[in-house]
Amino acid sequence: MKMLEQLEKKLGYTFKDKSLLEKALTHVSYSKKEHYETLEFLGDALVNFFIVDLLVQYSPNKREGFLSPLKAYLISEEFFNLLAQKLELHKFIRIKRGKINETIIGDVFEALWAAVYIDSGRDANFTRELFYKLFKEDILSAIKEGRVKKDYKTILQEITQKRWKERPEYRLISVEGPHHKKKFIVEAKIKEYRTLGEGKSKKEAEQRAAEELIKLLEESE
């Protein structure tokens, strides 16, 4: 329970129903019945709304062509992981199999905010203000800097073209999970080098696989 209290202190919110917080932090490998997946489904919508609302309010350019790449970054696993670091969220996740990766941290981050929303009596305004209290400055900084998601597939292709004058290949390995929460696993390969990436879409999984292959190629130099 002390661990939960530490997280509550970082959040600035004390849960009335501690089991909600525990559920938000629990991976399906730890508990088949009480895990975060349904909360993550709700939290995805909540967090996306909070962030996109700020983006539309504070962006210096309101054109869709400018907003879309910013939005893609701001609601990405990469950015959610940066925000989650402020809470040291990885320390509180309960998991039995596998390692805690960016996908799991991103999912738990979303589930956590759904748990706050439900525990507060489904008070969206309260939840949004708490979220902004913690993360508004980080979001506004990203908007001001015009941060966009890195295109790892393009970066990888530039590396392989330069080294071998060849393009990497991508292969869909599997699609897992229910319809509302599919997980795509993709293999990226060039010569004898192969890596896997996973994501909520094939495109995202390809980007993750490309990122891992870049790391592998850098290590092999």
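The count begins at 1 with the first shown residue.
Every residue, even glycine, has its Cβ placed from backbone N, Cα and C.
Over in Swiss-Prot, the protein carries these features:
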type	residues	note
ACT_SITE	Asp44	active site
ACT_SITE	Glu110	active site
BINDING	Glu40, Asp107, Glu110	Mg(2+) binding site
DOMAIN	4-121	domain 'RNase III'
DOMAIN	151-219	domain 'DRBM'
Other CB atoms within 10 A, centred on Asp44 (active site): 22
Asp44 (active site) - helix vs strand vs coil (DSSP): helix
Mg(2+) site shell beyond Glu40, Asp107, Glu110, criterion: Cβ within 8 Å of Cβ centroid: Tyr36, Glu37, Leu39, Phe41, Gly43, Asp44, Gly106, Val108, Phe109, Ala111, Ala114
Residues near Glu40 (Mg(2+) binding site) in space but at least six apart in sequence (CB under 8 A): Asp107, Val108, Glu110, Ala111, Ala114, Lys181
Arithmetic mean of per-residue pLDDT over the domain 'DRBM' (151-219): 93
Glu110 (active site): tally of other CB atoms within 10 A of its CB: 25
